[in-house]
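Features of the protein shown, as given by TrEMBL:
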- Glu54: active site, proton donor (ACT_SITE)
- His52, Cys77, Cys86: Zn(2+) binding site (BINDING)
- Ala156, Trp172, Thr198, Asp202, Gly298, Ser299, Ala300, Leu301, Ala302, Ala303, Ser304: NADP(+) binding site (BINDING)
- Ser170, Arg186, Leu206, Arg209, Glu296: substrate binding site (BINDING)
- 3-117: domain 'CMP/dCMP-type deaminase' (DOMAIN)
Amino acid sequence: MTDTDKRYMALALSLGRRGQGMCWPNPAVGCVIVKDGRIVGRGWTQPGGRPHAETEALAQAGERARGSTAYVSLEPCAHHGKTPPCAQALIDAGVARVVSAIEDSDPRVAGQGFEMLRAAGVEVTTGVMADQAARDHAGFFMKTEQGRPFVTLKLASSFDGRIATASGQSKWITGPDSRRAVHAMRARHDAVMVGAGTARADDPSLTVRDLGVGHQPVRIVVSRHLDIPLLGQLARTSSQIPVWLCHGPSPDSERARAWQGLGATLIPCAVRGHHIDATDLLQQLGRKGLTRVFCEGGSALAASLLADDLVDELVGFTAGLAIGAEGLPAIGALGLEDLSEAPSFELAEARPVGGDVLQVWRRSAR
Ligand code: AOF
Ligand code: ZN
């Protein structure tokens, strides 16, 4: 592995990230083809997951792929799926060397892509920038290995961790720069998810706005009783941008019919205690193909996810406001008896955003 390999892999990884939020159920892969020190092809997984990154890059490279090196941010696929295997396409194009970041966790591939290439006499180097690739593909790996999407929990709160005043005022705790950053984060996720309390209190549209982004994530509301306003922003836009409603057993049939009439997808989930079972909820979303979910609260849903150890990343936008104990806490009761039971995270990033502070915390290895 050389510095040149790392440089081209960094480019392949950044191309791959362009597809995040759009390629599910497939991973967002990037590919760069280099011939005699020049880039002759670039590609990334296309919306909906196909064509794959290698197909795109090979098409651009054409004849120049012969004798080239292909940098791919994931192992090239080996299976005959909806498209022929990328490993075979690389072989057929005469690629001399393949540099890959990390093995594919899909059991149909899992090392067989590398084997196929080696058997055909292609030189294979693996593990280049594997840590970054593991982070970029974390959603896809989580879905194939654990059946659930990667979960980012975003909280926008006051300095003292409150998301609303006692009277329920919750809009604009954090500033416009934070809101723009949130929209950019939404765009890189397959779905944005909130609890019913938040849907009722804030009437959010949960869309990506003002960024020139055409793609919109799925909007998910978790509501045991489907108790979500039928005249709000979500209902108004549900025929254009998908709304999925995760509900408990035997919901109110009139509400269910009304939402179905508006084009929403209803997803029945198991219930534990008074709430939707967070583990079952995420398994259902994994079955639907989601790889990356951006949860924006509220406090009950955040607590259910944390209590079941289902939060992979925390994103906090903190404003210089103090709301006090009568305000609504960002995270509901977790029922901890000892500090050692507290879900814990490691700091990955901290920086000012406008007048607020952004923190990103990643789940500690456990
Ligand atoms: C690649 N390059 O850009 C992607 C890959 O349903 P299919 O046939 O499209 O196959 C999906 C699988 O292909 C997916 O589970 C993962 O293993 C791999 N994704 N592979 O070589 C790509 N997106
Ligand atoms: Zn492929």
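Glycine is no exception: its Cβ is also placed from the backbone N, Cα and C atoms.
Annotations in TrEMBL come from automatic prediction, not curation.
Per DSSP, the secondary structure of the domain 'CMP/dCMP-type deaminase' (3-117) breaks down as 44 helix, 21 strand, 50 coil. DSSP assigns Ser304 (NADP(+) binding site) to a helix in the three-state reduction.
Around His52 (Zn(2+) binding site), the C-beta neighbours below 8 angstroms that are at least 6 residues distant in the chain are Asn26, Val29, Thr45, Cys77, Thr83, Cys86. Cβ atoms within 8 Å of the centroid of the Cβ atoms of His52, Cys77, Cys86 (the Zn(2+) site) belong to the same-chain residues Val29, Ala53, Glu54, Thr55, Pro76, Thr83, Pro85, Ala87, Ala89, Gly113, site residues excluded.
Glu296 (substrate binding site) is 8 Å away from Ala302 (NADP(+) binding site) when you measure Cα to Cα.
Screening the binding-site residues Ser170, Gly298, Ala300 for a C-beta under 6 A from any atom of ligand 2 leaves none.
Taking a Cβ distance under 6 Å to any atom of ligand 1 as the criterion, the binding-site residues His52, Cys86, Arg186, Thr198, Ser304 reduce to His52, Cys86. A C-beta separation below 8 Å, combined with a sequence spacing of at least six in one chain, links Ser170 (substrate binding site) to Ile163, Ala164, Ala201, Asp202, Leu328.
Distance between Cα atoms for the residue listed as 'active site, proton donor' and Gly298 (NADP(+) binding site): 40 Å, as a whole number. Closest to Arg186 (substrate binding site) by Cα-Cα distance, out of the binding-site residues Ala156, Thr198, Gly298, Ala300, Ser304, is Ala156. Put simply, Glu296 is the one of the binding-site residues Leu206, Arg209, Glu296 whose Cα lies nearest to the Cα of Ala156 (NADP(+) binding site). On a Cα basis, Glu296 (substrate binding site) lies 13 Å away from Ser304 (NADP(+) binding site).
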